[in-house]
Each structure stands twice: as structure tokens, then as C-alpha cells.
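Noted in TrEMBL for the protein shown:
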type: DOMAIN; residues: 27-108; note: domain 'Manganese/iron superoxide dismutase N-terminal'
type: BINDING; residues: HIS52, HIS100, ASP185, HIS189; note: Mn(2+) binding site
type: DOMAIN; residues: 115-218; note: domain 'Manganese/iron superoxide dismutase C-terminal'
Amino acid sequence: MLCRFAAASRSSAKLVAPLGCLVSRQKHTLPDLPYDYAALEPHINAEIMQLHHSKHHATYVNNLNVAEEKYKEALAKGDVTTQVSLQPALKFNGGGHINHSIFWTNLSPNGGGEPKGELMEAIKRDFGSFANFKEKLTAVSVGVQGSGWGWLGYNKEQGRLQIAACANQDPLQGTTGLIPLLGIDVWEHAYYLQYKNVRPDYLKAIWNVINWENVSSRYATCKK
């Protein structure tokens with residue numbers, strides 16, 4: 001389901017045509033976490049994880065289903081004005097669903113450290129060293145104004161890794177063309193209950209739970 005929507009979101013301007021197949025679609029659902037809410041402690045506490053997953057992500061899923069249903073009705077009526085007016089809701093809630101579905105798998109209670117194999121070689125090639133990469137992604141994430149995400153993505157055209165920031169819930173691939181490998185959520189709901197407004201402390205902590213096996217698997221898949 002996620003891959004279907006992600007493929008349909010290559011650019012926010014192209015949402016209308018792919019969503020024409022909504023007539024037979026199944027509703028989006030909140031994915032289960034691959035670990036308990038408390039599994040990432042002390043780096044991200046259980047209360048944050050529970051609220052983030054069961055409230056925030058669930059809201060994106062619910063609102064996406066509502067927006068798609070309204071879109072389907074507008075499509076059936078040939079109501080282009082309503083179809084266009086629904087684009088922001090589809091982008092925001094669809095992006096929230098896509099981004100968080102990646103984010104949960106990018107984290108692991110057994111995470112941290114450094115990647116290995118091809119991913120590590122690519123990081124060294126494109127950023128000079130893992131330390132440089134970590135510093136750059138952290139800086140980009142800290143620098144997001146308001147709410148948004150810091151990303152490590154893959155530029156398939158150039159065959160290189162790139163760092164990018166996206167505002168709000170803008171999906172990386174749908175707005176930049178980069179294939180998402182690692183996303184860091186820097187909305188305040190991702191850290192405020194534990195780190196208050198000190199985003200750099202949250203970003204320092206999150207490196208201890210990055211699931212490099214998942215990131216490496218995503219890298220291997222997008223290179224095929």
C-alpha cells in the first residue's frame with residue numbers, strides 16, 4: 001500500500017492522474033511498530049513513541065482516507081475544482097503517512113553505530129567520511145525552520161547519495177525526486193516531551209537508534 005502511494009507521489013503536480021484509480025482502492029491503515037513503544041528508551045521515551053505513532057501517524061492515515069474518499073466522489077462527478085482543492089490535504093496527509101512509515105523502520109532498539117558494506121562505501125564516496133555525513137545531516141535537520149524532516153536520499157539519475165530537508169510532511173521523493181533511505185522527523189511532537197525545545201539534543205540521541213540494516217536494505221533495493 002505504501003509503495004503504491006509513494007509511486008503515485010513522484011511530484012505533487014502529478015497527484016491527480018494516479019489518484020484516478022481510487023475507485024477500487026483499499027483504505028490505508030496504520031502500520032504496526034516492529035518494536036514496543038518503550039524499546040527505544042532512553043533515547044526516545046515510550047510516551048513520545050505512543051503519542052507519535054497511535055495519535056499523530058493515525059491522524060494522517062485517517063485524514064488521508066477521508067481526502068481520498070472525497071477525491072473519488074469529485075472524480076466521479078467530474079468536479080475538477082474540488083479535485084484541485086483536495087491536493088494540499090492529499091499531499092500533507094499522504095506525505096505524513098509515507099514519511100512515518102519509513103521513519104519507524106529506520107529506528108531500532110538494536111540500532112546505532114555505523115553502517116557497513118556498500119552503504120558505508122557510498123557514504124565515504126559522497127561525503128568524505130561517516131563523521132562528515134553525520135554532521136551534515138544533523139546540521140540540515142537542526143536547520144529546518146518550523147516543522148519538517150531531514151533526509152538521506154538516493155539520486156538514481158546521478159547514482160549518488162544526497163542530503164535534503166523537506167518542510168512539513170512533504171514526501172521526499174514526491175517533492176525532490178530523491179528515493180528516501182533515512183528520514184529524521186524534526187516536528188516538535190517527535191521530541192518535545194523529552195527534549196523540550198532543544199532539537200540538537202534529540203538529534204544527538206537519535207543516532208543511537210538508527211537502524212542501519214534497514215537503511216542499507218533500502219539502498220540496495222533502490223540501486224537495482
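Cβ coordinates come from backbone N, Cα and C, glycine included.
TrEMBL entries are annotated by machine, without manual review.
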Give, as a single whole number between 0 and 100, the mean pLDDT over the domain 'Manganese/iron superoxide dismutase N-terminal' (27-108).
-> 98
Same-chain shell around Mn(2+) excluding HIS52, HIS100, ASP185, HIS189, C-beta within 8 angstroms of the CB centroid, reads HIS53, HIS56, HIS57, PHE103, TRP187, ALA190
Counting only residues 6+ apart in the same chain, whose Cβ is under 8 Å from the Cβ of HIS52 (Mn(2+) binding site)?
-> HIS100, ASP185, HIS189, ALA190
What is the Cβ neighbour count of HIS189 (Mn(2+) binding site) at a 10 Å cut-off, with all protein chains included?
-> 13
On the DSSP side of things, how many residues of the domain 'Manganese/iron superoxide dismutase C-terminal' (115-218) fall into helix, strand and coil, could you say?
-> 54 helix, 24 strand, 26 coil
